[in-house]
Structures are given as C-alpha cells and as structure tokens.
Amino acid sequence: LCSLLSLPDLQSLGMCPPITFFRALRFHTASLQIHSTVFGVAAATGHTVVLVDQTEDILAKSRRGIEESLRRMAKKKFAENPKAGAEFVEKTLGSISTSTDAAAVVHSTDLVVEAIVENLAVKNDLFKRLDKFAAEHTIFASNTSSLQITSIANATTRQDRFAGLHFFNPVPMMKLVEVIKIPMTSQKTFESLVDFSKALGKHPVSCKDTPGFIVNRLLVPYLMEAIRLHERGDASKEDIDVAMKLGAGYPMGPFELLDYVGLDTTKFIVDGWHELDVKDPMFQPSPALNKLVAEKKFGKKSGEGFYKYK
C-alpha cells in the first residue's frame, strides 16, 4: 500500500503500514460476509491488515470466517497443488492482525476502511475519534451502501482525504468496487483508492455522492418495483423471477435476490432514501416488505423471506 500513497521513506525501509478495517457486530448477515472477505482479499494481495472490532470474541469469529474464505479461494486457485494452497492461506493469515483498541493502531496506517453499523451518528463518532490519532497522510474510506459519504466526512478535518469504497458480495468473486468521490476529495486521494482497488484485483468505477451510488440506485428501485408488481396481484413472485431470468438474462430473479441480500437490508436502504425524499415514488415503502421484516423473515439468513429455505 505504501506505493499507492507515495511514502518513499517507508518504501526505502521495506516497511508497509497496515490497512485498518473497523467492523462492528451489529451487521446484517450479508454485510458480515462482505466485510470479512474484504479483509481476506486485501491480505491475499500483499497488504498488511489490522482488523479492529469491539471484542476479542467477535474478532476470533471474523478471523475464522476469513480463514474459511481463504481456504475456498486456495482450493480453486491451487487445485493442482494443495501444498501451495496451504502455504498461501498461512501466509495470508500471517498478514492479518487484530485489535480492540482503534486509537492504538490507527496512527500507523495508510488507509482506514470503515464497515460498521449503518448509523450516521455512530460512524461520525468513530471517525471523529480516529481523526485525532491518525497520521496526516492517512486516508479514510467508508464502505457504506446507503449513507451519504459527505455527511460522514464532515465529522473529520480531512475531507480531502475521505471517500467511499463500496465492495460487493461475494467479494472474492465480484470484481466491482465503487469509488465515491465527494466534492472535497482530492484527486490524489481518489487516484490512491482507484489504485488500491486495482491492487485487490478489482475493477473500480467512479460515482458522485448520490444515494445508492450506481448499482444500488438502479438495483433497489428494480427490486421494489418487483414487490409492487406482486403486491398489485399482476404476477406471482415465481413468475416474476422466471421472467427476469429467462427474459432479461439475470442470474437471479428479484425475489430470489431480495432473499439473498436480506429483506431487512433492503428495507433499511429504502427507508433511508425515503427520508431524504418522501415524494419520490421509487423510494416509497412496501407493506409486504415491512410485514416480512416485522415478522423477522429476512430471507435466506433467517430461513424464510419471500421464499422458505430449509
């Protein structure tokens, strides 16, 4: 990562300060999968990673999740050489350390990627504290998928070194990363994050700080319209899914995708957008979605959503 942030003094010493990831327990299952595998991918591409969380138990669980993801990756990558695969996993895990003390580790990092609970006040509190201890050159990035990056960056004194870095699940397979540039983000910061994304083997795309960025801004209204189509009785959820797979070539139908992403996650995003613009018809709440979430039927992770899972 040093080369991305132009730290010649550290490069000459062969040293590379770590990437620090902050993750909280209060996450939807799909989000946990994303954030744990982001750490693994970063470590697997030669970056030193410090994973920060609230307790040692949570960190141990995250590390186990990362190890499982790495073993799946190694099984495919080193199918003909299991020994090399085992060495790859061991080496990658050796690049990951953990901590529950954010202030103690952030001072030596080049890049902080935050992936905590989708709550603006909580994010602002974290970044405000980190801002006091981080080095002058350290870049802050949020992996939020539903909150405005500008509103988070404003909690710090480094708006020029702040941006969004949005990954997609499953991270080892999904090549896309959305790099969100707010008006205050410097070109140097933006280019550093683009380079970092490429170093992870990803394809970065740029977007302004608009609700949902690119993918979710197009995807979520599509999912919500599928629910409304079903709510009106125009078509069954099964036929809607089949129609979009066979007619549009999508790998999953909208209801299958909703259950995979998590109905609570979708509701959270839609509710947030609705607060920003209560008149926008695309952001209107869905009675069917609200009912399922109230019944704790979140999709695959809970065993039932629009469909039932054994």
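Using the three backbone atoms N, Cα and C, a Cβ is placed for every residue, glycine included.
Listed in TrEMBL for this protein:
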- S69, K76, S145: CoA binding site (BINDING)
- 41-210: domain '3-hydroxyacyl-CoA dehydrogenase NAD binding' (DOMAIN)
- 212-309: domain '3-hydroxyacyl-CoA dehydrogenase C-terminal' (DOMAIN)
- H166: site 'Important for catalytic activity' (SITE)
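Counting every protein chain shown, 22 other Cβ atoms lie within 10 Å of the Cβ of S69 (CoA binding site).
Of all Cα pairs drawn from S69, K76, S145, which the record names as binding CoA, the longest spans 29 Å. Most other Cβ atoms within 10 A: among the recorded positions K76, H166, that distinction falls to H166. Mean per-residue pLDDT, taken over the domain '3-hydroxyacyl-CoA dehydrogenase NAD binding' (41-210), amounts to 92. Across the fold, the C-alpha of H166 (site 'Important for catalytic activity') and the C-alpha of K76 (CoA binding site) stand 25 Å from each other. In sequence order, E118, H166, G212, F213, N216, I269 constitute the residues six or more apart from S145 (CoA binding site) in its chain with CB-CB distances below 8 Å.
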